[in-house]
Amino acid sequence: MDNRPIGFLDSGVGGLTVVRELMRQLPYEEIVYIGDSARAPYGPRPAEQIREYTWELVQFLLTQNVKMIVFACNTATAVAWEEVKEKLDIPVLGVILPGSSAAIKSTRSGKIGIIGTPMTIKSDIYRQKIVSLAPQMTVLSLSCPKFAPLVESNEMASSVAKKVVYETLASLVGKVDTLVLGCTHYPLLRPIIQNVMGPEVKLIDSGAECVRDVSVLLNYFQINHSRIPNQSIPVFYTTASTQSFREIAMNWLNTDIDVRHVDLQAQDEGVGLENDG
Ligand code: DGL
């Protein structure tokens, strides 16, 4: 048993899609989350910068006494997960391997689409993982640079979002029977994506798949929460406005949460935490 929280990191609000699934599958676990919305999106940034920012998020979570870290961000997983998991002595999970396995299980035609941020697609990591597990698969990858910013600005239901998703995905329609949402922001656009791709296309939520692995690892290392009904409210830190984060999070999670601002640079100097009350 281990009653310390599980730490989640993302470039912004996308990791909430993983947290919602964790709350559903593992309601006893305590959560601490850091979203770097002040510097989102990560996807168009150079790898070295994403790596540096990801390490700052990891260091922050370590100050929160976490028992495990979930990279609730495909872009950070593509760039820094291997390195971080080697260096830490707590389990560190990424979203890419679980998403790849789920896509292989789901496809009937052997034609899988991957959508993600510019960095995730450029890294080619999904295609490599999928064909290393199942060489007969055909993988079509597509970068969707406009999707995460739409979600960060809470415009998921707007007519602009519909137009952008429709135009961006046009080249994939009719070509795949399974589509991996290879960015944790994308499940927030799911109804529009499903509508554009058609009802027969199976959408894989990489974050939700990853929570199954969280559960396996908690059991393996025997670090489950002790199942005293969890009274604690999950704590979410954001590097940007608490108001905007709270709005998106409350809508998505449908529960009471504690949102706090953190300045990661000031944190290094020993100040920087602030509650939004
Ligand atoms: N949510 C992130 C991902 O899963 C990153 C989006 C971004 O900041 O570009 O890739």
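Here the Cβ of each residue, glycine as well, is placed from N, Cα and C on the backbone.
Just so you know, TrEMBL annotations never went through curation; they're auto-generated.
Positions annotated as active site, proton donor/acceptor by TrEMBL: Cys73 (among others). Proximity of Cys73 (active site, proton donor/acceptor) to non-local residues of its own chain (separation of 6 or more, Cβ distance below 8 Å) is seen for Leu9, Asp10, Ser11, Gly14, Gly15, Tyr42, Thr54, Val95, Thr184, given in sequence order. According to its DSSP assignment, Cys73 (active site, proton donor/acceptor) is coil.
Counting every protein chain shown, the number of other Cβ atoms lying within 10 Å of the Cβ of Cys183 (active site, proton donor/acceptor) is 34. According to its DSSP assignment, Cys183 (active site, proton donor/acceptor) is coil. According to TrEMBL, the feature active site, proton donor/acceptor maps to Cys183 (among others).
Look at TrEMBL and you will find Asp10, Ser11, Tyr42, Gly43, Asn74, Thr75, Thr184, His185 tagged as substrate binding site. Counting every protein chain shown, 27 other Cβ atoms lie within 10 Å of the Cβ of Tyr42 (substrate binding site). DSSP gives Tyr42 (substrate binding site) a coil state; it is part of no helix or strand.
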All-chain count of other Cβ atoms within 10 Å of Thr184 (substrate binding site): 35
Binding-site residues compared (Asp10, Gly43, Asn74, Thr75, His185) - the one with the fewest other Cβ atoms within 10 Å: Gly43
Additional residues around substrate, ordered along the sequence, whose Cβ is within 8 Å of the centroid of Asp10, Ser11, Tyr42, Gly43, Asn74, Thr75, Thr184, His185: Gly12, Gly14, Ala40, Pro41, Cys73, Ala76, Thr117, Thr120, Ala148, Cys183
Span of Asp10, Ser11, Tyr42, Gly43, Asn74, Thr75, Thr184, His185 around substrate - largest C-alpha separation, Å: 12
